[in-house]
């Protein structure tokens, strides 16, 4: 799809905030082409609007938080992943609290509601951010790189020193079908000892076995077990889709991440956006859409398929 899209109708959610433990209601509304994704804290007087963009990220501890002045909205990554995954470029997000509801810990409830609301196609072309040169950020043993590629792809190498998790690797070559079918339902996860520690410090107050995979000393303690054998790394890729959508554009490039999280994802997006020599923005015509690298991009021979 080369044209910008929004929702066909409204979609409303109500649920618990993972960290605040408070019930929050959120409504997605259609928006005009060129709007982007804009959150509105409607519980404040006057309401405060915050564009979902990397320049508005104010915190990446445990989740991704955007803010403006004293107002903020946290835990936006699952909703942002669902919007990107369903092809939604423009939407208003009315929210009556400081945190997006965690729902079941995945993007699946958001995807289902967006799918039910339908999609409206505009006549305005999308802008694709096409990576021209590699960009890398490193933090200790954590690393994230985005390199030129003919497609949008995320490859994630996850490593934990725990027998139930250990190392997991998976790649997503992005399409709406692959994201919705293979990644949207992967749930957030945490270690029991860390969850108990966070709750003692006033965090993760809404966390439960209903909205997260919890890992104890001997493995997953959720009675239903895992939705996928490698659900953990699938969820890390889901988070990455949401965090990387804060470029404000559809992406064409290959992200390679090792032990990355919200903070490093944000640093990668920020580093990319401040280096205009490393990317180009393209509005594709129908004729050019299937051959993006013929437009102002160097030789193709070294690019990944």
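Keep in mind that glycine also has a Cβ here, set from the backbone N, Cα and C atoms.
As written in Swiss-Prot, here are the features:
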ACT_SITE  262  active site, proton donor
BINDING   78, 235, 239  Zn(2+) binding site
Count of other CB atoms lying within 10 Å of the CB belonging to residue 235 (Zn(2+) binding site): 27
Cα distance (Å, whole number) from residue 262 (active site, proton donor) to residue 235 (Zn(2+) binding site): 12
Least Cβ-crowded entry, counting other Cβ within 10 Å, from the recorded positions listed as 78, 262: 262
Residue 239 (Zn(2+) binding site): tally of other CB atoms within 10 A of its CB: 24
Assigned conformation of residue 78 (Zn(2+) binding site) - DSSP reduced to three states: helix
Rounded Cα separation (Å) that holds between residue 78 (Zn(2+) binding site) and residue 262 (active site, proton donor): 12
Residue 239 (Zn(2+) binding site) and residue 262 (active site, proton donor), distance between Cα atoms, whole Å: 8
Additional residues surrounding Zn(2+), by Cβ distance to the 78, 235, 239 centre under 8 Å: 77, 81, 106, 107, 186, 187, 188, 236, 238, 242
